[in-house]
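Have a look at the structure below, then the notes.
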Amino acid sequence: MSYKRITGIALSFVGLVVGAGFATGREVVQYFSSYGMWGLAGAAIAGIVMALAGTVFLQLGSYFHAREHRLVFKRTTHPIVSILLDISVVITLFSIGFVMLAGAGSNLEQQFGWQPWVGSTVMLGLVLVAGMLDVNKVSRIIGLLTPLIIIAILAVAVYTFVNWPDDVNLVAQRSAEIESPISNWLLSALNYNGLALILAVSMTLVIGGDYLDPREAGWGGLFGGIAYAIMLVLATMAMLFNAELIDGTSIPMLTLVADINENLGLVMALVIFAMVFNTAIGMFYALGKRLSAGRESQYRVIFIVGTLLGFAVSFVGFDTLMEYVYPVLGYMGMVMVVILVGAWVKSFARIRDEATKRARLRQLMYLSLHPDKELEKKHNEEMQQLVAESNLGDKELYNYVSDEVATQLDEDEDVEFSIGEDYKLLADENQLEAKEEKKADTYADSRAQDSVRPADESPSEKDEKQNKADNS
């Protein structure tokens, strides 16, 4: 396994789940610190669940080489359940989108005293413009701000420790007086997990799909989840022991940072606004793409209409929307997490075996593509056998492995290898197609004991049909 890849996966996962809601601190207050000292226990439990879910989602994404969430839903659940999960994700995209528009108004109102509609309107304009451009480039640039949020959380945690309250129990009681829409601290923690994970599931599965080895993807999710858990506990402590300072504010994190230093508060307001923008454009862009699947020419119309509808709903108010919308999304997410974790448990043995085979296949492909090494005939036969036993289509798996190994060799300064060279795969197209036909005869039987549904066609044919269905 590569520790470099595991670290990259972990950082990607943390960057994904540390979104605008976490950055404002409002979620932390609503779901954790409003329960007093029990909120710390809730944050710890939520962190453990996040680490488990990160492992599961990323491994499933890697195992299926997922390009989008519907592929995994369809391969692991009943068709009706798959449709319901997809609908839940679509509802989440729209809901989080209009909550972010409202949050933009609250952010600028708290920092500059402007009317909420001003910030929301500015955000609306930015989202509409960005939606017509290369959204991925815009999001990547703003994604660089994620470390600043992490630094801010660490800063307010240190600030809290330095200014530790004399009577901890009294402060905790004061914090517990803050209203929360969920009565029980444990249910609140699990609801938070559901909210965060239903929001992140699409990109988490895709991130996992970018990595060949499910074991590496799983370890990345585990370590990323642990890092997130630490930040969540620190943020909860900061909100809990500064309850009097943040009481009544819509953006608690901004209040804490501004209390440390007024200029830092201004910077934090801009960072939060950028994070809110990043989340908002991500939600409405994904919503537009999802609803325009199969009719891509209508994307812009759907995107604009969806964003304008979200803008209209945002006038209900940031606090009100979070109080009522987030718990509903959280319950939907809890159901989704249970379903996917159940599918993962049932498929764990097969995922583990597939990971071992892919790791060996990577080693053999390395010998094949390395200019100074030679692949023996027995190794070639072993490669063919490994590919034949994979859950992925032959051509798909060959390209998957060869691209990763070629990139690895290209980045190795000690190896004379260029990604632009015409590196040769060990089996030609005819061999691959022949093996696909042979594989089709035994594929359904070999999959019958797995939670993943068997298929009558070969994996490559199945993938082809799946892609067509996904775009319909």
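Cβ atoms here come from the backbone N, Cα and C positions, even for glycine.
According to TrEMBL, the features are:
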REGION    430-472  region 'Disordered'
TRANSMEM  35-58  transmembrane segment
TRANSMEM  79-102  transmembrane segment
TRANSMEM  114-135  transmembrane segment
TRANSMEM  142-162  transmembrane segment
TRANSMEM  182-207  transmembrane segment
TRANSMEM  219-243  transmembrane segment
TRANSMEM  263-287  transmembrane segment
TRANSMEM  299-318  transmembrane segment
TRANSMEM  324-345  transmembrane segment
- Stretch with greatest number of CB pairs under 8 Å, the transmembrane segment (182-207) reference, 114-135, 142-162, 263-287, 299-318, 324-345 candidates: 324-345
- Query: Would the transmembrane segment (79-102) count as touching the transmembrane segment (142-162), if touching means at least three Cβ pairs under 8 Å and pairs must be 6 or more apart in sequence?
  - Reply: no
- Can at least 3 Cβ pairs under 8 A be found between the transmembrane segment (324-345) and the transmembrane segment (35-58), with each pair 6 or more apart in sequence? yes
- For the transmembrane segment (299-318), name the stretch out of 35-58, 114-135, 263-287 with the most CB-CB pairs under 8 Å. 114-135
- Task: Using a Cβ cut-off of under 8 Å, list the residues of the same chain at least 6 residues beyond the transmembrane segment (114-135) that approach it.
- Result: 100-102, 104-108, 273, 276-277, 280-282, 284-285, 288, 300, 303-304, 307-308, 311, 314-315, 317-318
